[in-house]
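Annotated in Swiss-Prot:
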- LYS91, TRP105, LYS110, GLY130, ILE181, GLU182, MET196, TYR200, ARG315: carboxy-S-adenosyl-L-methionine binding site (BINDING)
Amino acid sequence: MIEFGDFYRLIAKGPLSPWLDILPAQLSAWQRESLHGKFKTWFNAVEHLPQLTPTTLDLHSGVRAEMSPPISAGQREGMENMLRALMPWRKGPFSLYGLEIDTEWRSDWKWQRVLPHISPLAGRTILDVGCGSGYHLWRMIGEGAHLAVGIDPMQLFLCQFEAIRKLLGGDQRAHVLPLGIEQLPELAAFDTVFSMGVLYHRRSPLDHLYQLKNQLVTDGELVLETLVVEGDSQQVLVPGDRYAQMRNVYFIPSAPALKAWLEKCGFVDVRIADMAVTTTEEQRRTDWMTSESLAEFLDPHDHSKTVEGYPAPLRAVLIARKP
């Protein structure tokens, strides 16, 4: 079973220590009552991975680990078999001892769009909400973050993160917890909070913005990346049953509307840092994620529209500060 004791000890003497009033009980209850039916299978794959310590680790330009001398072909094959037991891999890519995990999303492209616009992460304590497999947590560590904490209730993502951590030498600078943001107390302890690819899944987007704000220190920075539509500050798309085949998409504002929402929630220095159309090169079917992807979610005759007739995915990055 995944143990969280190292994380508890890590935060016990710092600004996150009040979290320990409820966190151990929450995670104990999760382990008793909420495990996914496939969790034991996933965790078994993690346990059967070798504990490797890379001789070369690059978290700055990617997530890459190498060993000298290199691992044997047999070791690499065994490692690949265990990692394939954790499919589908959605966020990455990862390059591990000669094995390339080509994930559905080129999350490195998103990072390249985000990084130039944010405050330097060196020495910061960071929260990544909806962190997935934790790819961006490792990139945050690569930028010098003191501690990167990810939360995501999807248990496969937790196992994927622990698998990567094991192959990176058990690195304790990044951690993933199987929680949603609504389960966090108002910690007001993170220097930077990221919410990337989450807002449109929330039934109450303004509540989500307040939840993010409540995790930030005074003068802390919010990095918000989400789907948007074209339009002025009054433009918001409320999809019907599905958007790009996703059922749980509730509100897609324009970037100016989202800026107004952030200001309404009390954020200051709000700016629209980047906007980019999602392409079928950035999100696609791969050998590590073999089901449908963006190409199947767009109108086959007009890629400017989804199969439902809505505007195709356009993503924006907004930066804001908690006063």
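Even glycines carry a Cβ here, placed using N, Cα and C.
Fair warning: this is a prediction, and the values are worked out from it, not measured in the lab.
Long-range C-beta contacts of LYS110 (carboxy-S-adenosyl-L-methionine binding site), restricted to its own chain and to partners at least six residues apart, with a cutoff below 8 Å, comprise HIS136, MET196, GLU225, GLU282, ARG315. In sequence order, VAL129, ILE151, HIS208, GLN211, LEU212, GLN215 are the residues near ILE181 (carboxy-S-adenosyl-L-methionine binding site), counting only same-chain partners six or more apart with C-beta under 8 A. The most densely surrounded of the binding-site residues LYS91, ARG315, judged by C-beta neighbours within 10 angstroms, is LYS91. Every protein chain considered, the tally of other Cβ atoms within 10 Å of the Cβ of MET196 (carboxy-S-adenosyl-L-methionine binding site) stands at 22. Among the residues the record lists as binding carboxy-S-adenosyl-L-methionine, namely LYS91, TRP105, LYS110, GLY130, ILE181, GLU182, MET196, TYR200, ARG315, the two farthest apart have Cα atoms separated by 26 Å. According to DSSP, LYS110 (carboxy-S-adenosyl-L-methionine binding site) sits within a helical segment.
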